[in-house]
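Feature annotations, reproduced from TrEMBL:
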- Gly93, Glu94, Ser95, Gly96, Ala97, Gly98, Lys99, Thr100: ATP binding site (BINDING)
- 681-749: coiled coil (COILED)
- 541-554: compositional bias 'Basic residues' (COMPBIAS)
- 9-689: domain 'Myosin motor' (DOMAIN)
- 842-935: domain 'SH2' (DOMAIN)
- 537-562: region 'Disordered' (REGION)
- 569-591: region 'Actin-binding' (REGION)
Amino acid sequence: MERINDYLLVRDVSLVSDICNEDKLLEYFKLRYQNDVIYSNIGDILISINPYMIINGDDYLRDVTIPHVYNLSKRIYNEMISTSCDQCCIISGESGAGKTEVCKYLVKHVTQFSGSRNNLELRILQMNPLLEGFGNAQTTMNNNSSRFGKYLQLKFNGMGKVTGAKINEYLLEKSRVVYQNPGERNFHVFYWMLEGLDTILKINLNIHDKCIFRYLGGKTTTCGDEKEKFKELRDCLDLVGFKEEEQEDIFLLIGSILHIGNINIDENDSDQSIITQSHSIDIASRLLGLESDTFIQLLTISMSTARGEIIRKHNNKIKSEAIRDSISKTLYDRLFRWIVNQINQLLAPTLEDVAWGCDIGILDIFGFEDFHRNSFEQLCINLANEQLHNFFIQHIFHIELSQYNEEGVNGADIVVQDTQPLLDCFFLGSKSVFHLLDDQGSVPRATDANFLHKLNERMKKESFYTPSKSISSGTFTITHFAGKVLYSVNGFLEKNMDTLPPGVKKCFENSTNELVSLLFRATINRTGTLALHKTTATRKSTGKRRVSNARRGRSTNTPTISSQFKSSLSVLVTKMSSAVPHFIRCLKPNKLKKPHLFDDEFVKRQLWYTGMMSTIQIRKEGFAYRPTFQEFHERFGSLCYCDASDISLVNVCQLILCESGITNAEYQIGYSKLFLRHYHLDKLERKMKEHHLAASRLQSVAISFIQRRRYKKVLQAMKQDKAAIKKLMADAKNNCSKVERRLERLTNQDEKRHLDDQRESLIIQQLSFLLPKLPPPADIRELPPPLLLDSDDEEEEEKIESLRKKSSRLKMDDTMFVKVELKRPHQQSRMLRSSVSSSHSWLHGMISQKKAEEMLKPHQHGTFLVRINRKKFSHILSYKSKIKDSINHLSISQLPNSKYVLSGETNPHNSIDNLVEYHYQVPIQSSNDLLVLPCPEDCDETENEVKIKISGSAHAIV
């Protein structure tokens, strides 16, 4: 019972004293798995066991010491902030071990607590489900197996905010488009599309319920949720920023691939291929923007160049079927790369953010595979896993052990198996396997059997290579780090050369379908990335090389699949080596993909080939944290108050460790570095956190004291100013009294003069017949024009003009009040109103949050209004929630494709009208409230009466 408690409570395997062999380690993981504890630590390495069910993760958010992908993501982020260095996380394990799900949780948590702008966090989170639809498929080992590798780079600015993302994709298994092993399926998007397409698109694609497609195995096996999955896929495309036209083009090309697969090819008596029915080829040609006759000619006739002459030759059935499938694979592969390219453009950070920021890279790559039939794709996948395992060994063991020797430190004495010779044999130099594969591909009439014969000759001395007993079997065996795998060479040359017959690419470049033309005009660079451009650059080559490539059916500037794979893998390792690596090891508990089932032998094999025991040993005996003296002092120097100029830097570091409670026996000092245990770093970070909290308290006290003293000075100055103002007002009052008395005297004098003027005018009237006629005296006391109201409305201007005419006829003594109906502020923002099709009672314009809450408070639950944010010029939905009668405010953001999405939601809408109508029926996710009733306008407020008082020579707007 005591051991059981230790296994459940001790979260770090390296701290459990009685784990000394793989059986004890297996017991530790099994006990935790049976209690739904799927995460464990080996030092700073996270171990995850796939539960095949959803487990609540709220406890992990409250306790940062519990092993979990959330806490690892927080550690990675904090280390990036504190060191200003790029970070990377390598997620590895067998197919079906849960790598993709772990990657989702990692990305979600990092983007959530780092913060973003313009819904960038939500858009980044949609990348994984979007790429799953186009790049994942069901295999015998995993229902959602990644059939490509991806390295996701999250971009951060100097403030630690996520500013963008970039995806690097590797080695899509495009052969799956045309063929799947028994018990497996094609890529998810084919099945989702067939079930979820609307009627109009189905008619355009000529797809109906009774359609049977060869590329789907002659059946469309469904899991029951394809329609919902397709809706989620469309939402992901909307949220990331794909336009409606782009989405339709994507599904048109996928539909055309299905129809290409249904083209029936037969042979005539002369062994020449013929198209037996034109229905499928007519549909595919229409969707691809080609002429049917041209497409038929591409399939049935091959053209080659010899001595400057073009030779036309009729294909047989096998050759035509190979061309058909090659077109389908190439089309899907380029479409997938284009989607990745578009995502990178839509989520790219600004140049300023790139210049001042860091990256967190997350590698989610296909797991180790061993099927009943393994081909070229499985070889590349397993070599990629071999490279990642070697990177792990190099970082955890070789680099650490070499630093012990260089720094004169007594570290762990561990011997680990090195996999570098196997990798060198496949990748390095002119005698490598991949170089041999490329050479054989360029030889005319070379076969897979020829390649296998040369491979046996070259590899016969290698211990990890086992040739087959019979050359006719066409197989060989490689002993990988995870065990022996039998490979079949059938199709190796064709898959590596990635052939397209001459003329096919040119024909598709001239397609009337803009996307098809763009895809085939693009070039593939040495790492397999699609380089898009509008113009086609033609390259000339010499005769002999040109003839050989024409015979093989490939262009001179297209790299082979093996060379693309080798280059991209090299670039990937370089990226990871330039960053601080973190590791997540995923384990698969059973082969049946069922929860609460732990297969001891199956898990034990994974523990063996991943080197878990050696990892535990080096974490127990070794020093995982190895900073230089200067790096350590810069990071933790504030924990010890001492002058580094008086004593050496080594002594300063020792004082810091002593102040932190780390004794001399727990660490070692090298020539230029400190060697600390992995748990020392956590302890020092906790001390730094306490130190920062104490410093914050001191700062708050000091700032309070300074502000209080400053406040007293300001208060005293205010009192003095108040006294001075009071004296000034008293003096002004006295002066006013004097002025009033003087004005009274002047008024009396004016009245007397007025009587004299009346007498004079009377005399003039009486004598007017004797004087010439004079113009009437001008009134020098004309009224100034009234203040203009800021409005561009014609009706408003008419009211103002009529008001001006009336005021010009008034006498100076008259007083007049005019009622003017003012426009609401939102009527001055016509751009923001463009998203609303017509005037609605729920649209209240530019009102404050406080005003919106006052208007909504007396009404029932579900009452709502839409207002405009004055600062950001964006819409905000305010509504009364049934939760504690609170008033909630959710921003409405506009996506790059001009659609609208509510904060916290994943459903985009074409307009705000549609968004409001949608939530009349579907509750808001954050509070589970329905919109029920638009908020009525405040009658007192809507009148907006303005009294314009015209008195004397002054006009006032009240």
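Glycine is no exception: its Cβ is also placed from the backbone N, Cα and C atoms.
No curator has checked TrEMBL annotations; they are predicted automatically.
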Spatial neighbours of the region 'Actin-binding' (569-591) far in sequence, C-beta under 8 Å, 6+ residues away
29, 33, 44-52, 69, 72, 75-76, 79, 83, 85-94, 96-99, 102, 106, 141, 151, 168, 170, 359, 361, 363, 367, 383-384, 387, 391-392, 395-396, 427, 527, 597-599, 602-603, 606-607, 610, 612
I want to check the contact list for Ala97 (ATP binding site): same chain, sequence separation of six or more, C-beta distance under 8 angstroms. What comes out?
Ser48, Asn50, Gly367, Cys586, Leu587, Lys588
Model confidence over the coiled coil (681-749), as mean pLDDT, sits at 89
What is the number of residues in the region 'Actin-binding' (569-591) that are helix, strand and coil, as DSSP sees it?
9 helix, 8 strand, 6 coil
Thr100 (ATP binding site), Cβ-centred 10 Å count of other Cβ atoms over all protein chains shown, is 22
Note the Cβ centroid of Gly93, Glu94, Ser95, Gly96, Ala97, Gly98, Lys99, Thr100, the recorded ATP site, then list each other residue of that chain whose Cβ lies within 8 Å of it, in sequence.
Asn50, Asn142, Gly367, Cys586, Lys588
By DSSP, what is the split of the domain 'SH2' (842-935) into helix, strand and coil residues?
18 helix, 31 strand, 45 coil
To see if you understand the setup: which same-chain residues, six or more apart in sequence, place their Cβ under 8 Å from that of Lys99 (ATP binding site)?
Ile91, Ser92, Gly93, Ser146, Asp364, Ile365, Gly367, Cys586
